[in-house]
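Worksheet: the structure to be examined is printed underneath.
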Amino acid sequence: MELPVTSPDSGGRNKVSYTIETRNLSYALPSLYDEFSWIFCCNIPKIPQKFIIKDVNCEARPGQITAIAGPSGAGKTTLLEILAGKISPTKVTGQVLVNGHPVNAKCFRRLSGYVTQEDALFPLLTVEETLMYSALLRLPGGKKEAANRVGVLIKELGLEHVAGSRVGEGSNKGISGGERRRVSIGIELVHDPAVILIDEPTSGLDSASALHVISLLQLMVVNQGKTIVLTIHQPGFRILELFDRLVLLSNGCVLHNGSLKYLEERIKFSGLQIPPHINVLEFAIDVTGSIVIQTSETPNIHFYLKDHGEKRESLRVDDKEFTISNHNDIVEKCPFYSNSHIEEILILGGRFCKNIFRTKQLFATRIIQALVAGFILGSIFMNVDNNLGQVALQTRLGFFAFSLTFLLSSMTEGLPIFLQERRIFMRETSRGAYRVSSYVVANTFVFLPFLLMVGLLYTVPVYWLVGLRRNMDGFLYFAMIVWMVVLMSNSFTACFSALVPNFIMGTSIIAGLMGSFFLFSGYFLSKEKIPNYWIFMHYLSLFKYPFECFLINEYGGKGGKRCLESERGECKLFANDFLRQQDLKESQKWSNLAVMLCFILGYRVLCYLILWYRCYRTRS
């Protein structure tokens, strides 16, 4: 079923409302037997499945807040993730229906809003900028339409006083936890979805902030007729009164699906008395073993009784004229991306730039690091080539090797930033905000000028202080190689940040591979002495090609007739002869450059494929 497409209404009202219903919904954790059944013998008995949720029947209506409650481990978040389309429908038995029809998970993810329990936000962007970038990516109509929507949303969320404040995170000074939670909700509200799914909206908040967030959601229900489904653990009295419908879970089974008043009647029918100092839900969670599991066989006389509260809820929706679409209202078109490739690249590029320039650890530190390293290395290796002999030659080679080690290793410091962005990237792409290719291209183009600046700040002092070939073409070629090296390192880090699960594993893998690349570069062992079964590492080494380019630039071309070693006034080794000893040719000056460019593009393409596969697994 294709879902109806609705656009944001300036009046805050949606043309189409959605009723979500589950029928006999079950989800079990995949066992090792299921994953590797082709290995085991047929005689081995199948391991029983462990169900997270089992035979769940519940309903969420427009114009209502439906709360999924229960003790820890009851399956609340799992049920919400199935409704949000985060868990593949192929792994679930039973049905999820939207307006009485099987849901199209891909379309529903883009039409609805899903807020996770953890706030994944850029800490260095302001509240207004965070909402603005989300609006630009998810709304058609350009900056004017996005600015109008963000202005309205900031007022609705009560964030006017912190609109210009940075979000912050952890020890960074920023907005409060309740305000950060409202920003997370606002990101999913920019395209004015008719359905909002929120995982633990009050988690980690004080009672006043929690009440503020739920009151905000209740206003959206009353004024805009949205369908809101949220999970909650143990809310207080005031918050509990704002819920229209309650789904109580225990061990993955539904104990109650209806109003709070109906739950109270069921508890009394079970022969239990609710103490005056405990609210209904808290008491129900404590005595879940005494409440009969609600199934299709449960007698209607007791458990499907419609109380006055349920009637009032349905009347409220009709009074506000929020209509539920039928099959004829459904548009056979899934909503696509709001922007073109170019527009997405420009929007994402602007956001990347702001994050880079505001990240002092990334921007200022790398600039200072490049300058200081250039001057220090230049002063250490100053005018080494004034002396002829084997020692001077080895010293120059050591300078080239150390420069590459410094340049390649220093760029891997961006790994934590890439990993932080990946969480936000996964959330945004899963909701259809932009294409994976746009993200990778924008990230690549933004780092081109930034890394060029870093490369030049290192090259300018070190090249002239060390006393390398004093020609402008030699300097420009050296600067180009340095730029390509930092681009290779950046692409390499981006690729593995898309692959590794966390920072510790990422640093371990990157450090190990960088060490291996250096070992097989040809500096320690010549190509002839590397064992045949390791020769592939020589050609994959990120050190090999720029190291050879440095040698050719310094000792090839017009500098090929320079004397490197002399004895009693007679030259024993010319620069050209040294390059022949290293099995290097002048033509490799440009072919190696092409190989380095292929490494840059190759790691970026690999990064794209890994991210695309991650998104594909999330979607399907």
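The backbone N, Cα and C atoms fix where each Cβ goes, and this holds for glycine too.
According to TrEMBL, the domain 'ABC transporter' annotation covers 20-276.
Annotated transmembrane segment per TrEMBL: 363-382 (among others), in sequence order.
Long-range contacts of the transmembrane segment (397-419) within the same chain, counting only residues at least 6 positions beyond its ends with a Cβ under 8 Å from a Cβ of the stretch, are 355, 359, 361-362, 366, 369, 373, 377, 381, 384, 451, 458, 462, 466, 482, 485-486, 488-490, 492-494, 496-498, 500, 502-503, 506-507, 510-511, 514, 517-518, 521, 523, 542-543, 546-547, 550-551. Marked as transmembrane segment by TrEMBL: 397-419 (among others).
Sequence annotations record features per position, and here TrEMBL assigns transmembrane segment to 440-464 (among others).
The transmembrane segment feature in TrEMBL is assigned to 476-496 (among others).
The transmembrane segment annotation in TrEMBL covers 503-525 (among others).
Per TrEMBL, the feature transmembrane segment maps to 593-613 (among others).
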Mean per-residue pLDDT computed across the domain 'ABC transporter' (20-276): 83
In the same chain, residues at least 6 away from the ends of the transmembrane segment (440-464) whose Cβ sits under 8 Å of its Cβ atoms read 341, 344-346, 348-349, 352-353, 356, 363, 366-367, 370-371, 373-375, 377-378, 403, 407, 411, 470, 475, 478-479, 482-483, 485-487, 490-491, 494, 604, 607-608, 611
Please report, as numbers and ranges, the same-chain residues at least 6 past the borders of the transmembrane segment (503-525) whose CB is under 8 Å from any CB of it. 397, 401, 404-405, 408-409, 412, 415-416, 419, 492-493, 496-497, 534, 537-538, 540-544, 547-548
